[in-house]
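> My structure is below; once you've seen it, I'll send some questions.
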Amino acid sequence: MATAASGPCAGGSPRDILWRVLGWRIVTSIVWSVVLLPVCITAFIVLSSINLFHPIQWLSDSCNDFYSSQVIFHLLLLAVVIIIISIFNVEFYTVVPSISGSRLALIARILHPQQLTHSFIHAAMGMAVAWCAAIMTKGQYSSLVVPCTGTESLDSPAAQTCLNEYHLFFLLSGAFMGYSYSLLYFINNMNYLPFPIIQQYKFLRFRRSLLLLVKHSCVESLFMVRNFCIVYYFFGHIPKAWISTALDLHTDEQAHRPLDTIGGLLNVSLLYHVWLCGVFLLVTWYSSWILFKIYATEAHVFPVQPPFAEASDECLPKVLNSNPPRIVKYLALQDLMLLSQYSPSRRQEVFSLSQPGGHPHNWTAISRECLNLLNDMTQKLVLYQEAAATNGRMYSSYSVEPKKLSSAEETAFQTPKPSQTPSVPPLVKTSLFSPKLSTPNVSSPFGTPFGSSVVNRMAGILDVNPFSGSPQSPQLIRRGPRLWTHTSDQQVSAISNPSPCASVTAEGKTVRQPSVIYSWIQNKREQIKNFLSKRVLIMYFFSKHPEASIQAVFSDAQMHIWALEGLSHLVAASFTEDRFGVVQTTLPAILHTLLTLQEAVDKYFKLPHASSKPPRASGSLVDTSYKTLRFAFRASLKTAIYRITTTFGEHLNAVQASAEHQKRLQQFLEFKE
């Protein structure tokens, strides 16, 4: 198992912890990207000057070109480009994918200022790569300005230089490919870092991706060349005329046909070299991206116990219970999962007692954070079910009044008493919920990329629509209806536009009825919404995919899966390794949390579209595993409960739990779940 050793625990800010954990990984991935660059340049030079009829001369000329000063200069320039691309990979990575609920939300995300900056920089870097590739190709592609070949141009000294449209075509194609790469980077969630299920050595992971990388680059470059030819056919005359005017160059149509015509674009040599330039660009950029993913998701070992009491900020219990960068939290939970399965010595540190005092601080901190994460998931599932059951309306008692951490900690370790009769079902007990972490929402079709609404941050599943009025009643949080709905106009008006004049205040005073003008405005707005909902183009951009909201609920489920596996493995190992019985004191709370979550998951998967599996793209360089995280989470939850029940067996009958949970626990003991 390939893991990275960590240094001693040390204090510092979250950014310091991030740099200590990821700093050397980032630098190493950039160094390897630059080291692989000469190999890519060599392959490009050999393939760009291919000559099958004279292979000896072809290979000797390629070797001479590689050692020329011109190629060495381009190597240094391309190394700078790779470093800039790697920096953008570091700045834009995320461990939680961004899921857009509609096409308009996706467009809004792409037009975010940060994404636009990313696209423009990549377009400029793509043009720089194309310039280097054009010069290394030599021949008719190496220069922007060439002598005119016409006899009329030789008579006038001012008309002796002409624009080389081949070189211009190269430069513009590089900018187009760079922009297309950036566009696909966000559309396909390529900034998402998927953590490997099985830990492997970095070399093996890169070697496994190498063939797929080359294949993907060749195919994607082919499509980019096709798209660029279409764009250049319609708009190629604009940059050509602008550059000719700015540099006072003439167009030599006698040397070759203009490239913004069908005959000019049917140049096999030009298309081949542009396609090869695109393959070279994509291979180098994708290599940098893959190397960063491999190094960033490598397992990191966090020490369980600090060597000194004042240096504990980088230790596992402290990292889990603090608010570090999200990737550090993911690495800590991954380390918890690994130590719970493969490290008996570190498990003993988790079960150990503090000296002096004899308190299980390590186990308390780790189990508390795991239970908080699982309770958060239960809360999100209940909120989603309530929203689906009430057609977008949701009671605010689950999220408006969050508990403090201390209260959540006390409740998490309190043994549930069967004699207590709750006033609400166990799934919606707010005492079990911890608002510590939240899941990114499905983007609203009208939501701007500059921020999210308060309702979205609280519930994590609500849709925001500017057509819907803000909720006036303090007892309800309402989700604005979609642009199209199957309910009648009166129902829509009653659900989405609660009149402030028709509500009852907290003191019981009735507010006057709405005025005629207010009712007229509401009716006109409903008529406009109904009119727009019948337009196909509006439907195309504003329609919400039901799969998107489902994926958003489980977008960060990977850390919940690790919390489940780590907690269940530790509980199972405590049956034989826990000498002090620290786990037994919290076993009722753990079982209560797991069974409550199991009930919420079972109800969730009965909702429409929840059980439908999206099509799985096999053999693709782009990872889409986040689309099926809900199925992995359900399987991990059931496996975690079975892991505990098979280990403790009939001893669990002595655990104090409610009658409903005792019945569910018995089903697991009898393998009937």
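Backbone N, Cα and C define each Cβ position, glycine as well.
Remember, predicted model here, so these are calculated numbers, not experimental data.
Swiss-Prot feature annotations, pasted as is:
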- 1-25: topological domain 'Cytoplasmic' (TOPO_DOM)
- 26-46: transmembrane segment (TRANSMEM)
- 47-71: topological domain 'Perinuclear space' (TOPO_DOM)
- 72-92: transmembrane segment (TRANSMEM)
- 93-115: topological domain 'Cytoplasmic' (TOPO_DOM)
- 116-136: transmembrane segment (TRANSMEM)
- 137-166: topological domain 'Perinuclear space' (TOPO_DOM)
- 167-187: transmembrane segment (TRANSMEM)
- 188-226: topological domain 'Cytoplasmic' (TOPO_DOM)
- 227-247: transmembrane segment (TRANSMEM)
- 248-261: topological domain 'Perinuclear space' (TOPO_DOM)
- 262-282: transmembrane segment (TRANSMEM)
- 283-673: topological domain 'Cytoplasmic' (TOPO_DOM)
- S407: phosphoserine (MOD_RES)
- T415: phosphothreonine (MOD_RES)
- S438: phosphoserine (MOD_RES)
- T439: phosphothreonine (MOD_RES)
- S444: phosphoserine (MOD_RES)
- T448: phosphothreonine (MOD_RES)
- S470: phosphoserine (MOD_RES)
- S473: phosphoserine (MOD_RES)
> Express the predicted model's confidence over the topological domain 'Cytoplasmic' (1-25) as a mean pLDDT, rounded to an integer.
66
> Compare 26-46, 72-92, 262-282 by their Cβ pairs under 8 Å to the transmembrane segment (167-187) and return the stretch that comes out on top.
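If we count Cβ pairs closer than 8 Å to the transmembrane segment (167-187), 262-282 scores highest.
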> Tell me if the transmembrane segment (26-46) touches the transmembrane segment (262-282). I count contact as 3 or more CB pairs below 8 A, with pairs 6 or more residues apart.
yes
> Using Cβ atoms and a strict cutoff of less than 8 Å, what residues sit near the transmembrane segment (72-92) while being 6 or more residues removed from its termini?
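Residues 26, 29-30, 33-34, 37-38, 41, 114, 118, 121-122, 125, 128-129, 132, 135-136, 185, 191, 284-285, 288-289, 292 contact the transmembrane segment (72-92) from elsewhere in the chain.
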> Same chain, outside the topological domain 'Cytoplasmic' (188-226) by at least 6, Cβ under 8 Å from its Cβ: which residues?
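Same-chain contacts beyond the ends: 1-3, 89, 92-98, 173, 176-177, 180, 271, 274-275, 278-279, 281-283, 286-287, 289-291, 293-299, 327, 330, 334, 338, 558, 619-623, 625-626.
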